[in-house]
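J.: As annotated in TrEMBL:
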type: DOMAIN; residues: 71-381; note: domain 'Peptidase A1'
type: ACT_SITE; residues: Asp89; note: active site
type: DISULFID; residues: Cys263-Cys267; note: disulfide bond
type: ACT_SITE; residues: Asp272; note: active site
type: DISULFID; residues: Cys306-Cys340; note: disulfide bond
Amino acid sequence: MKLLGILGLVALSECIVIIPLMKMSTMQKTLKGKNLMNSFLEEHAYSLSQNSANDQKFSTHPLRNLKDMFYFGNISIGTPPKQFSVLFDTGSSDLWVSSVFCHDPGCSKHRLFNPRGSTTFQMTDRHMHFCNELGDITGFFGRDIVRIGDLVIMNQTFALTYRQISKILPFVPFEGVLGLGYPSLATSRIIPVFDSLMLQKVISEPVFAFYLNNKEKNGSVVMLGGVDHSYYKGELNWVPVSKSLYWQITVDRISVNGKVIGCSSRCQAILDTGTAFVHGPTRLITNIQRLVRARPYHGCQYLISCHVHTTIPPIIFTINGIDYPMHPEDYIVTSTCNLCFSAFLGGTEKVTKSETWILGDAFLRRYFSVFDRGNHRIGLAPAV
């Protein structure tokens with residue numbers, strides 16, 4: 001998510017910003033029309049912990065899916081615990097939530113953290129400010145107890161926002177973001193949540209994993225401290241992290257019908273659960289749109305027929321010698337207006353000179369993903 005935030009700043013008129021805003025506007029109307037907004041805001045936190053005879057600590061935490069755009073789940077902060085919904089994001093490393101000091105529209109409809117209401121809250125003298133696709137966010141850091149299901153983290157540093165300039169946040173049913181990236185990506189050298197879980201020995205294994213389902217099904221989860229093998233088929237194929245900043249790996253090539261269309265000399269890709277689609281260099285994305293018969297619509301959005309699943313090819317990402325196809329059902333995005341869009345978007349050339357791709361939820365829904373901090377590698381296998 002953080003890299004796409006930079007992209008949004010470089011080109012505010014590009015579809016990297018436009019598509020989420022358009023989709024969120026549609027989602028707001030849909031949620032209100034179906035009277036679903038309140039149900040989204042209801043508190044449904046629960047945890048399925050799995051403990052072995054060796055008392056291993058492993059939590060499977062449920063996530064909710066908002067129109068295949070965002071995956072979020074509940075955590076609690078403070079004493080007594082107050083619950084918040086947060087986006088679980090491998091593309092950033094900070095934890096932040098809206099606070100009572102925020103009076104912007106981005107905060108007005110959400111649960112707000114009040115530090116005066118927690119007997120264990122501690123103030124710090126550090127502040128934070130960043131811009132990403134969610135908006136322009138400003139806040140300050142504090143420390144408190146953070147709970148994710150049955151997992152308890154003491155003295156976790158997190159940001160309380162007091163300014164949220166955003167066209168998205170007023171309409172989404174979550175109050176913040178929980179970053180799962182490397183510490184080098186964190187603001188002000190804070191210790192990220194997953195590092196705290198490891199350092200405080202709250203979890204047994206230094207791994208987390210995602211199973212992301214599509215909008216027609218329930219059951220998306222994030223696993224902390226272990227892996228439930230029932231969520232994927234076959235064996236995990238491991239690929240080393242190429243740079244310990246983002247969850248970044250090397251891609252051998254991208255091909256269609258045996259013809260290489262990207263990464264001809266290998267390239268880099270970032271696996272990002274906080275990004276809905278697949279982003280790449282505009283020149284190569286334009287070629288993919290032609291191959292899947294998508295046509296320009298608005299900005300760099302591309303319309304695609306909703307009924308061509310059997311006549312257009314898969315886009316194949318070859319990673320560490322293994323092919324990972326994205327099939328038409330993965331990259332054709334259906335809107336509530338009975339229009340279908342391509343899940344491939346351009347723009348990465350604006351922030352990096354080398355060929356870089358961002359593999360977001362459209363890719364990760366097909367492939368169960370394991371993020372192994374202990375061995376600095378990512379495991380992928382077809383999701384069930």
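Every residue, even glycine, has its Cβ placed from backbone N, Cα and C.
Note that the coordinates shown come from a computational prediction; the quantities given were computed from them, not determined experimentally.
Could you place these features in context, so I can see how deep they sit and what lies close by?
T.: Around the Cβ of Asp89 (active site), 25 further Cβ atoms fall within 10 Å across all displayed protein chains.
Under DSSP, Cys267 (disulfide bond) is assigned to a strand (E or B) in the three-state scheme.
In the three-state DSSP classification, Asp272 (active site) falls within coil. If you draw a 10 Å sphere around the CB of Asp272 (active site), it holds 28 other CB atoms from the protein chains shown.
In the three-state DSSP scheme, Cys306 (disulfide bond) falls into the coil class.
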J.: Work through the recorded positions one by one (Asp89, Cys306, Cys340) and name whichever has its CA nearest to the CA of Cys267 (disulfide bond).
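T.: Out of the listed candidates, the nearest Cα belongs to Asp89.
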J.: Which one is it: of the recorded positions Asp89, Cys263, Asp272, whose Cα lies the shortest distance from the Cα of Cys306 (disulfide bond)?
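T.: In terms of Cα distance, Cys306 (disulfide bond) lies closest to Asp272.
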J.: For the disulfide-bonded residues Cys263, Cys267, Cys306, Cys340, which Cβ has the most other Cβ atoms within 10 Å, all shown protein chains included?
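T.: Its Cβ has the most other Cβ atoms within 10 Å: Cys263.
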J.: Rank aside, I only need the closest one: which of the recorded positions Cys263, Asp272, Cys340 has its C-alpha nearest to that of Asp89 (active site)?
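T.: Nearest by Cα distance to Asp89 (active site): Asp272.
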J.: Just to verify a number: CA distance, Asp272 (active site) to Cys340 (disulfide bond), in angstrom, no decimals.
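T.: On Cα coordinates alone, these residues lie 23 Å apart.
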